[in-house]
Amino acid sequence: MESSALLTAGVLFLFVAVVAVPIAARLGIGAVLGYLIAGIAIGPWGLGFIRDVDAILHFSELGVVFLMFIIGLELNPSKLWTLRRSIFGVGAAQVGLSTLLLGGALYLTDFSWQSALIGGVGLAMSSTAMALQLMREKGMNRSESGQLGFSVLLFQDLAVIPALALIPILAGVQGDFGDWERIGLKVAAFLGMLIGGRYLVRPLFRFIAASGVREVFTAAALLLVLGSALFMETLGLSMALGTFIAGILLAESEYRHELEIAIEPFKGLLLGLFFISVGMALNLGILYTHIVKIMVAVLVLVAVKAAVLYFLARVNRMRRSERLQFAGVLSQGGEFAFVLFSAAASFNVLKGEQLPLLLVTVTLSMMTTPLLMQLIDRILARRYNVQDVPDEKPYVEDDEPQVIVVGFGRFGQVISRLLMANKMRITVLERDISAVSLMRSYGYKVYYGDATELELLRSAGADKARSIVITCNAPEDTMEIVHLCQQHFPNLEILARARGRVEAHELLQTGVRHFSRETFSSALELGRKTLVTLGMHPHQAMRAQQHFRRLDMRMLRELMPQLTGDVAQISRVKEARRELEDIFQREMQRERRRPSVWDEDDE
C-alpha cells in the first residue's frame with residue numbers, strides 16, 4: 001500500500017470510527033457491532049473505499065495483541081495458577097465438545113474428515129477481542145462468569161498452537177529430522193524468551209524510567225509488545241500468546257500501571273480497526289449465493305456453542321443468573337479461525353468454496369453476539385427485576401421510590417443501608433448480575449440494568465423520585481447519567497460520587513452541588529483522629545476538620561475555571577495553598593480562644 005493510500009485509509013478509518021460508534025451507541029447496538037457494520041460499508045463489498053483487506057486485517061490483529069498484553073499485566077503468576085483448573089478443565093472441555101459437535105455437523109455435509117476436524121477446531125474458537133470487550137461493557141470482568149470466560153479464552157489461545165501443527169499432518173505432509181530440529185529450536189527460543197523476560201526486562205525499564213523522559217518509556221513499552229509479537233510470529237506461534245506472557249512477566253513489577261497507561265490508547269484504536277477489518281472481510285457475494293446455507297450454519301454454530309457453554313456452566317455450578325451471559329458472550333466464532341482456515345487452505349485441507357463459506361459464517365456469528373447479549377440483558381432484567389408486574393413496565397417495578405441509588409458496590413451499599421435504616425424507599429440499579437442475584441437473596445431491592453439507558457431510569461421511577469445517588473466506578477458513566485437526569489428529569493436532585501479532584505471539577509461544571517470525594521472524607525476523618533493522638537482537644541480537632549473541609553471546597557470552586565491552564569494552574573494552586581494555610585491558622589486561633597466543654601467521651 002502506497003504512502004498516500006495508507007494516509008487516506010488511516011483518515012477513513014478514524015472517520016468511520018468517529019461516526020459509527022456514537023450512532024451505534026445511540027441505537028443501543030454497542031460499539032463492536034457499529035465497527036463491524038462500518039467495515040462492511042467501506043469494504044470491497046460496500047462502497048469499495050478499501051480493497052486490500054488482507055493487509056489491513058493482518059495489521060489490525062495488533063489490537064488483539066495489545067489487549068492480551070494488558071490482560072497479562074493484570075494477572076500475576078500466582079493468580080494464573082489458581083485458574084489452572086478452569087483453564088485446562090472447562091476450557092479443554094469447551095474446545096473438545098464444540099469440535100466434536102461442529103466437526104460432526106460439517107462431516108455430515110460435503111466435508112472430508114480432515115477438513116471437518118480442522119473446521120470443527122476453528123469454529124470452536126471464540127473471539128478474544130469481542131468477548132473481552134463485551135465482558136468489560138457488561139461489568140462481567142470480576143464476576144464468576146467473566147473469570148470462567150477468560151479461562152476458556154486463554155485455553156483457546158493455547159489450543160491454536162497444536163491445531164496449526166496438526167494441519168500438515170492432516171494434509172499428509174511427512175516430516176523429517178529437520179522438522180523436529182526446527183521444533184526443538186522453537187521450543188528453545190520460547191524458553192529463552194521466558195528467561196530473558198523474567199531477568200532482563202525489569203532492569204531495562206528501571207534504566208529507562210531513570211531518564212525521566214515519558215516518551216522513551218512509551219516507546220520502550222511499544223517495543224516490548226511489538227517485539228514479543230514479532231518474535232512469536234517468527235516461531236510460528238500466536239502473537240497474542242507472546243504478548244500475554246510478556247504481560248504476565250511484568251505483572252508484579254513496579255511499572256505495571258505505567259505500562260497500562262502507555263499502551264491503553266493504542267489498544268483501543270487498534271481493536272476498533274480490527275473489528276472494522278473483520279467487517280470489510282465479509283464476502284457478500286458468497287453470502288448472496290449461499291444465503292440459506294450460511295444462515296443455517298450461523299444459527300447452528302451459535303446454538304451449539306451456547307449450549308455447550310451453558311452445560312459446562314451448569315456442571316461448574318455457576319449461578320443461574322450468570323449462565324446465560326457466559327454462554328452468550330463466547331458463542332461466536334473467533335479471529336483465530338481466520339488463521340487456522342487460511343493455513344488449512346494453503347495445505348489444501350480446505351478445498352473450493354469451503355474456505356469462504358467458513359469465513360463468512362464466522363464473521364456473521366461475530367455480528368450476532370452484541371445482539372444476543374442485548375437479548376440476554378432483557379431476559380435477565382425481566383427474570384430478576386419484574387415480579388408480577390404488567391408488561392408495559394419492562395425493567396423494574398415502579399412504586400415511586402424516594403431515592404434511586406446507581407451502583408451497589410461498597411460505596412453504594414453503605415449509602416443504601418443508611419437510607420433503609422431511616423425507612424427511606426429506595427431503588428438500587430446495578431449492572432453486575434452476580435451482585436444483583438446475591439443481594440436480592442439477602443432481601444435488598446436491587447435491579448439489573450445499565451443506568452446510562454434512559455428507559456431504565458424512567459422505569460425505575462426517576463420522574464417521580466426526589467433524589468438520585470450515583471456511585472458508579474467509572475467517571476464517564478457518572479457524567480453520562482448526570483447529563484441524562486439533567487436533560488430528562490430536571491426536578492431530580494443529583495448526588496454523586498467523585499473519585500478525585502478531576503471528577504469533582506467535572507461535576508461542579510455540570511452544576512451538581514452535592515458530591516463526595518471518596519478518599520477526601522475518609523482521609524479527613526483519619527487526620528482528625530491523628531490530631532487527637534498528638535494532643536489536640538477532640539472538639540478543636542473536629543473544628544479543624546470542618547474548617548479544612550470548608551476551605552478546601554472553596555479552593556476547589558475557585559480553581560474550577562482554570563482547570564485547563566498548566567502554568568497558571570500550578571501558580572494558582574501554590575497561591576491557594578498558602579492562602580488556605582493563612583486562613584486556616586487565623587480561624588483556628590480564634591477557635592482556640594472559645595471556651596469548650598467537650599471532652600473525649602463526646603468524640
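Including glycine, each Cβ sits where the backbone N, Cα and C put it.
What Swiss-Prot says about this one:
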TRANSMEM  5-25  transmembrane segment
TRANSMEM  29-49  transmembrane segment
TRANSMEM  55-75  transmembrane segment
TRANSMEM  87-107  transmembrane segment
TRANSMEM  115-135  transmembrane segment
TRANSMEM  152-172  transmembrane segment
TRANSMEM  180-202  transmembrane segment
TRANSMEM  207-227  transmembrane segment
TRANSMEM  230-250  transmembrane segment
TRANSMEM  291-311  transmembrane segment
TRANSMEM  326-346  transmembrane segment
TRANSMEM  356-376  transmembrane segment
DOMAIN    400-521  domain 'RCK N-terminal'
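A contact between the transmembrane segment (230-250) and the transmembrane segment (152-172) is present, since 3 or more of their C-beta pairs, 6 or more residues apart, lie under 8 Å. Within the model, the domain 'RCK N-terminal' (400-521) carries an average pLDDT of 83. Ranked by the number of CB pairs under 8 Å to the transmembrane segment (29-49), the listed stretches 87-107, 115-135, 207-227, 326-346 are led by 115-135.
Note on the transmembrane segment (87-107): residues 113, 115-117, 119-121, 123-125, 148, 151-156, 158-159, 300-301, 304-305, 308-309, 311-312, 316, 330 of its chain, located 6 or more positions outside it, place their CB under 8 angstroms from a CB of the stretch. Below 8 A, the CB atoms of the transmembrane segment (152-172) and the transmembrane segment (115-135) form 3+ pairs separated by six or more positions in the chain.
As a quick check, the transmembrane segment (356-376) and the transmembrane segment (291-311) clear the bar of 3 or more Cβ pairs under 8 A, pairs 6 or more apart, so the two touch.
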